[in-house]
There are 2 protein chains.
Amino acid sequence: MRAALDAAREAAQAGEVPVGAVVMHEGKAIATAANAPRRLHDPTAHAEILAIREAARILGHERLEDCDLWVTLEPCAMCAGAIAHARIARLFYGASDPKGGAVEHGPRFFGQPTCHHRPEIYSGIGEAEAGALLRDFFRKRRT
Amino acid sequence: MRAALDAAREAAQAGEVPVGAVVMHEGKAIATAANAPRRLHDPTAHAEILAIREAARILGHERLEDCDLWVTLEPCAMCAGAIAHARIARLFYGASDPKGGAVEHGPRFFGQPTCHHRPEIYSGIGEAEAGALLRDFFRKRRT
């Protein structure tokens with residue numbers, strides 16, 4: 001989660017909502033990404049999507065069955081869907097997101113009958129730091 | 001929808017689940033894509049995601065507020081989330097998808113309070129042909 005928080009800080013410095021993600025495979029971080037939809041002109045460029053795509057490219061397979069995803073914020077519906085499609089084994093996330101999250105809020109996607117893979121889920125890891133980064137970012141943007 | 005169905009047929013010929021998508025901007029098709037997660041080794045490479053990413057790249061902006069998306073199958077949670085993030089104006093889709101759809105099934109994402117943009121939605125367009133392509137694909141795969 002340390003590397004994911006570092007990526008989130010990089011996102012903030014680039015003017016993006018500070019979220020970072022890391023895909024781990026056999027104990028190694030194989031893909032780390034910062035949220036970047038503005039910089040990349042890509043509405044799908046959330047940290048999770050970028051890290052999953054990079055890991056799948058590296059492993060040469062569209063399924064990441066032996067991989068874990070660490071992300072600083074509760075994934076949205078788009079990212080939760082991608083996590084299921086990728087068959088991610090375990091999901092670790094930091095701050096919860098009542099406004100846009102899709103794990104413990106809104107669609108609660110992994111509990112839906114249309115969800116075909118549910119990772120093990122661990123939340124609240126690095127929550128204080130992840131949440132502080134987000135609050136700080138939005139406070140600065142409002143002023 | 002004609003171009004989206006053609007893209008779906010291309011997907012089937014490449015051994016991918018036959019789904020196709022087109023992004024329209026000011027009356028012109030600016031991005032057309034076939035479902036390609038296996039070929040691209042990318043679990044996020046659904047037709048909608050590929051078409052949205054390409055359209056955003058062409059327009060140089062992560063929001064596609066003046067764009068419509070045509071897709072042969074009801075979008076899943078990942079793609080519905082991307083449609084909302086991209087601020088797609090109108091969504092036209094063909095066959096409904098009780099097993100994986102997220103518009104009229106499962107999460108019914110666009111009706112969730114955590115969904116921040118709801119396109120106008122028109123379903124059942126080219127449904128018979130889109131559904132036949134899918135049924136034919138899965139029948140052949142089982143034999």
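Just so you know, glycine gets a Cβ as well, placed from its N, Cα and C.
What TrEMBL records for the Zn(2+) site is B:Cys76, B:Cys79, and among B:His46, B:His61, B:His85, B:His105 the residue it adds there is B:His46. In this structure, B:Glu48 (active site, proton donor) is part of a helix by DSSP. Contacts of B:Cys79 (Zn(2+) binding site) defined by a Cβ separation under 8 A and a same-chain sequence distance of 6+ are given as B:His46, B:Glu48, B:Ile49, B:Val71, B:Ala102, in order along the sequence.
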